[in-house]
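Asks: Sharing a structure here in structure tokens format.
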Amino acid sequence: MDAFKLLTRSIKLKGSQLGSSSISSHLPSAGEANNPQLFPASEADKTRGTKRKRESGEDTELPNEIPVPDFFGSGSTAAESPKAQRKRVTGKDADAEGQHGEETSMPEEERKSILKSHKIKMTDLRTPPFRAVDTDISGKKSKRKKKKVEEPPPLTRKQLKAAQRLYPEPLTSFDKLRTRYHISRRLSDNIASQGYTVPTEVQLGSLPLLLGNAPAPNERTADDESLRSQSEREPDLLVVAPTGSGKTLSFMIPLINKIMKHHHDNPGLKEILAIVVAPTKELVAQIVNEGRKLTAGTGVKVSAVRKGMRIVEERGQETRSLEEENDGDDSTASSDEEIHSSEGEKSKDIPLTKSDILVCTPLVLANALSDGGKRDVAPLPSVQKLVLDEADVLLDPLFREQTLSIWRACTHPQLRVGLWSATMGSNIEELTKSTIKERQELLGLKDESSLIRLVVGLKDTAIPNISHKLVYAATEQGKLLGLRQLLHPTSTSSSTTHLRPPFLIFTQTIARAIALHSELMYDIPAEAGGSSRIAVLHSELSDSKRSDVMAGFRKGEIWVLITTDLLARGVDFRGINGVVNYDIPNSSASYVHRVGRTGRAGREGGVAVTFYTKEDIPYVKNIANVISASENLRGTEEGERIPKWLLDALPSLSKNDKKDLKKYGVKARRPSTISDKTTSKKTRISTKSGFDRRMDNKRKGAIKGSQRRKAREQLNDEESEDDVWNGIDD
């Protein structure tokens with residue numbers, strides 16, 4: 001019985017107060033989630049793998065929460081180092097345990113149970129070297145014909161899947177990184193200082209594969225090294241995990257650990273050992289920022305590739321093409337030599353980068369390795385690890401040529417590749433297999449490297465911890481009205497969609513993002529900050545402007561950010577309360593990445609609202625199917641799901657239509673249709689009357705005409721000055 005309810009029976013509370021308190025208590029901006037896992041294990045699974053017998057000096061119960069510092073206490077107890085925390089929690093020195101303690105291996109049934117409860121599936125994509133044998137059939141035939149040896153029948157599809165499944169021991173706690181996998185003490189402290197306590201599903205499954213159960217550094221011998229090189233080689237990994245599940249941490253920890261071991265074995269040698277490729281500059285800056293937090297005090301340097309950075313040694317003049325040497329006369333040849341020599345002197349003045357990990361977009365690195373396309377791509381023989389973040393985009397036709405050129409430039413025989421994304425099609429898997437095989441044949445490698453696929457949850461599905469709303473708005477004016485209702489909610493009932501700032505708004509094109517920003521610029525009152533609370537971000541802005549907008553949005557100075565698919569992938573905004581798809585995405589994968597900007601690290605309460613009009617109806621079914629799959633995974637009640645009649649009524653797209661939609665977007669909103677007056681009226685983002693638009697166009701035309709007249713007058717003045725006779729020269 002609720003005592004507060006009994007005591008306030010005669011008091012009429014305002015509905016807005018009740019609604020606001022209930023809504024604000026479950027928002028992503030309210031703080032971090034207690035458990036970052038999307039598919040947490042049951043209580044029975046949590047106790048598995050733990051010791052029943054307590055060690056001497058160990059407490060009966062472990063604290064479930066991080067200790068809160070006493071700000072008013074003495075100075076000696078105000079702060080506590082991570083090492084002291086581990087001593088206080090476990091009652092012994094965790095570092096000593098990591099060097100001398102032995103971890104018992106987990107039984108296979110227990111490993112299977114944990115991986116299944118967290119919805120983790122690992123598959124070896126190599127063809128199994130064995131075949132299934134039917135003993136009854138082979139026995140009968142061997143009696144009749146002893147001389148003839150028959151081959152065993154091929155594996156069935158079910159047997160093949162069972163043979164390819166892997167069940168490695170999962171990482172149940174970040175403490176085991178030090179005790180079992182023997183990572184650096186400094187790296188372990190950096191992980192603890194960032195507040196990482198419980199590994200997410202992708203970290204639980206991928207870190208054991210990438211780190212391996214290596215012996216401790218002081219116990220390693222030559223025999224151990226040879227055994228590890230043969231039986232415990234790091235695999236090529238293809239990971240499909242939900243958005244916001246911690247993929248960056250999953251590939252950065254093994255990279256840093258491997259580079260620190262390389263520095264220990266080769267002191268004084270500085271070279272590029274790992275490359276991380278991402279599709280956007282914003283994602284590159286984010287990865288560098290997270291990497292620098294983890295590498296503090298480790299001696300590992302993480303840098304972003306900038307224009308003009310010198311990555312490889314200067315190549316000789318013999319790489320110039322024969323056409324440049326043979327074309328033209330002697331004077332042109334000598335001038336070309338002077339130009340090349342001056343360029344060579346300038347490049348020699350730029351110091352060679354001393355970074356261990358380079359993070360870049362594909363075009364910047366490809367241009368740096370080929371001098372802007374003037375030469376062949378220079379090899380990178382020292383790179384031992386290549387990571388493709390958002391690999392499905394990097395291997396899409398837009399970036400494929402640049403990404404593959406970087407991949408082929410990494411000529412180290414022990415190169416390992418990691419492909420990470422929330423969506424991964426079968427075509428990307430086939431391209432990965434063919435590229436690895438082609439590279440092995442080119443380098444003459446005989447041993448086939450293992451390629452493992454790790455899938456968390458349902459493949460190509462939106463995260464289940466947010467609510468999805470598909471809203472029919474009929475026209476562009478209806479979408480504007482619906483968006484303003486989200487900005488200024490009037491109803492307090494729980495049935496309506498509540499969306500509190502900060503949130504993102506996605507549009508199809510840059511022009512539409514700019515138009516929507518100008519339309520909503522003054523919707524927030526001046527008392528709350530006015531137009532400074534709404535901003536627009538797209539690729540045509542300068543780098544400094546883009547970084548300023550990103551910084552303002554992270555600080556909370558900007559509440560509503562209007563953007564294109566530039567921010568749809570990888571960028572981590574942990575406190576975003578929702579996402580609005582003002583224009584429907586071009587594909588189901590784009591929808592998964594857009595709505596994944598909210599609900600990061602298991603945060604509940606995020607909302608994804610998608611508006612669609614009459615022109616969008618032929619393209620909505622793919623998005624509706626993704627929403628339906630996410631609702632099934634979440635266990636949404638029947639009344640809150642997308643109705644089945646809507647899924648049945650929406651038309652399906654052909655393969656060619658899907659390709660056109662992915663490449664060009666919805667036909668009615670493509671830039672090529674702007675010239676059509678009828679279509680442009682339907683898709684115009686504006687509430688201005690025709691008279692106001694005509695007056696604006698006249699004013700803009702007058703300004704342009706004035707600028708043209710000034711330019712023409714200035715040109716005439718320069719010509720008249722040249723025509724003036726200055727007399728006879730002395």
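Placement of Cβ uses the backbone N, Cα and C atoms for every residue, glycine included.
Look at Swiss-Prot and you will find 15-25 tagged as compositional bias 'Low complexity'. Per Swiss-Prot, compositional bias 'Basic and acidic residues' is recorded for 90-112, 220-233, 312-323, 337-348, 690-699. Positions annotated as motif 'Q motif' by Swiss-Prot: 172-204. Residues or ranges marked as domain 'Helicase ATP-binding' in Swiss-Prot: 228-442. Look at Swiss-Prot and you will find 389-392 tagged as motif 'DEAD box'. Under the heading domain 'Helicase C-terminal', Swiss-Prot lists 482-650, citing sequence analysis as support. Swiss-Prot lists 700-711 with the feature compositional bias 'Basic residues'. Residues annotated as compositional bias 'Acidic residues' in Swiss-Prot: 716-730.
Show me how these features fit into the shown structure, please.
Replies: Each residue of the motif 'Q motif' (172-204) gets a DSSP state, and the totals for helix, strand and coil are 17 helix, 0 strand, 16 coil.
Taken through DSSP, the motif 'DEAD box' (389-392) splits into 2 helix, 1 strand, 1 coil.
Across the compositional bias 'Basic residues' (700-711), the DSSP tally of helix, strand and coil residues reads 12 helix, 0 strand, 0 coil.
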